[in-house]
Amino acid sequence: MFLLEYTYWKIAAHLVNSGYGVIQAGESDEIWLEAPDKSSHDLVRLYKHDLDFRQEMVRDIEEQAERVERVRHQLGRRRMKLLNVFFSTEAPVDDWEEIAKKTFEKGTVSVEPAIVRGTMLRDDLQAVFPSFRTEDCSEEHASFENAQMARERFLSLVLKQEEQRKTEAAVFQNGKPTFTYLFIALQILMFFLLEINGGSTNTETLVAFGAKENSLIAQGEWWRLLTPIVLHIGIAHLAFNTLALWSVGTAVERMYGSGRFLLIYLAAGITGSIASFVFSPYPSAGASGAIFGCLGALLYVALSNRKMFLRTIGTNIIVIIIINLGFGFAVSNIDNSGHIGGLIGGFFAAAALGLPKAGAFGKRLLSAVLLIALAVGFLYYGLHSPSHQESALIQQASELYQEGKYEEVTELLNGEAAQKDASADLLKILAVSDIQIGEYDQAVSLLERAVKKEPKDHASYYNLALLYAEKNELAQAEKAIQTAVKLKPKEQRYKELQRQIENNKES
């Protein structure tokens, strides 16, 4: 009797030492444990009870299946599997082997029964717990004192686990979300300032208040790498980012403390703006890069201490990252480069700062060096890359064109357009500016080069047709408009111009 009880507590302690988490363990003869990752079971139940008849096994298995189903539903898991181990002095008197060999299935829950019999102790232990040393359970341990000592050792392990969980829970008490709420208030305030000064969707207003604008950054307005994180384009953009910052920022600030959170948030905002500066020529604004930096900080915790992460936060944060990235790639006009840059910046900033009392100074220093090297390297590339310099020129020219400053556009782009590798976008904006000031021959030459680079650009063929018709080169005009109609047959203005050119040829 005492040997079986001794074995029961020894097995429980063995499982805890093997990474199992105690869910329930009191004065009763029942212990529930959560299995570590990559185990064949999700849960293990140790049940010390003398079985008389097989029907007791059947009834108990069905009851445990219902309990596991409730747990599965609460945790939102797709499936759960329980290893249900009976510790019984004797086996049931009737036919029980068939029950013990068959896994009980009920919907998305499965229960695998097993018996450890006092009369077949070593054989059963070897079958159910092959990693357990059966030599530790011999007749010399069959005493009340040894059983109590084994029980006390197990309970001490339970207390140790509880202390560890309290320590992990204390991670969320390192700071109050002061800066999170401050940034939320600041971005709401800035939104109203934008609205009363021209509108938050007005590009000129956004740029005036500090939006990321590549040409101005290249001219030395470095503060534009930081100021976009408090500006938002429209009420929907503000609402989405405010909700995201409230849900993610509060968790990060509680984990890392307010000081570390501030540095992570600002570093992520800057790296997000740098990535946008390098990969996107368009003006941009928003806290998305900094918010993705918060996700990066949580991702760092997930990778550096996976068990604590799963117990305190869970896998939902990974789902949030995937959903946000997927949403960004699926919807047009989303600055994904800024999102990814912020995610990377937040990750390395978190690794450099670490959680409070984290230690590991060497790794943190390396992370800080990597963060700075990445930021400086990409910024240097953005400032000196020919393609990026051209993108900045195109953006600047587009703004001048919208303001009606066509001659300034030609002055800005003529030198770049003379290069053989000038992009189609640059050639097209210079061409339409030349059209506005009457430089038709120059515009024709530019558009002819543009359609060679982008042969499916129907708008350029249409503009070419207009220019050829203006110069009375009707054969060329007809050929150009036919190509435009072929590329976009439903465009009515193309068809109208085609009819006009054909009529002029006939007359």
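Each Cβ is built from the backbone N, Cα and C atoms, and glycine gets one as well.
The shown structure was predicted, so the numbers you read here are calculated from the model rather than taken from an experiment.
What Swiss-Prot says about this protein:
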- SER288: active site, nucleophile (ACT_SITE)
- HIS339: active site, charge relay system (ACT_SITE)
- 424-457: repeat 'TPR 1' (REPEAT)
- 458-491: repeat 'TPR 2' (REPEAT)
- 179-199: transmembrane segment (TRANSMEM)
- 229-249: transmembrane segment (TRANSMEM)
- 261-281: transmembrane segment (TRANSMEM)
- 283-303: transmembrane segment (TRANSMEM)
- 312-332: transmembrane segment (TRANSMEM)
- 340-360: transmembrane segment (TRANSMEM)
- 365-385: transmembrane segment (TRANSMEM)
I need the CA-to-CA distance for SER288 (active site, nucleophile) versus HIS339 (active site, charge relay system), whole Å please.
6
Intrachain residues whose Cβ lies under 8 Å of the transmembrane segment (340-360), provided they are six or more past its termini:
171, 174, 255-257, 260, 263-265, 267-276, 288-297, 299-301, 304, 321, 325, 367-368, 370-371, 374-375, 378
What parts of the chain pack near the transmembrane segment (283-303), using Cβ distances under 8 Å and only residues at least 6 beyond its ends?
183, 187, 203, 206-207, 210-213, 228-233, 237, 241, 244-245, 248-249, 251-252, 255-256, 264-269, 271-273, 275-276, 309-310, 313, 317-318, 320-321, 324, 335, 338-351, 355, 395
In the structure shown, with every protein chain counted, which of the active-site residues SER288, HIS339 has the densest set of Cβ atoms within 10 angstroms of its Cβ?
SER288
Do you know the DSSP helix, strand and coil residue counts for the repeat 'TPR 1' (424-457)?
27 helix, 0 strand, 7 coil
Based on Cβ pairs under 8 Å, which of the stretches 179-199, 229-249, 365-385 lies most in contact with the transmembrane segment (261-281)?
365-385
With a Cβ cut-off under 8 Å, give me the same-chain residues at least six positions beyond the ends of the transmembrane segment (179-199) that come close to it.
205-206, 208-209, 229-232, 235, 238, 241-242, 245-246, 249-250, 252-253, 258, 261-262, 265, 287, 290
Secondary structure composition of the repeat 'TPR 2' (458-491) [DSSP: H/G/I, E/B, coil]:
27 helix, 0 strand, 7 coil
Please classify the secondary structure at SER288 (active site, nucleophile) using three-state DSSP.
helix
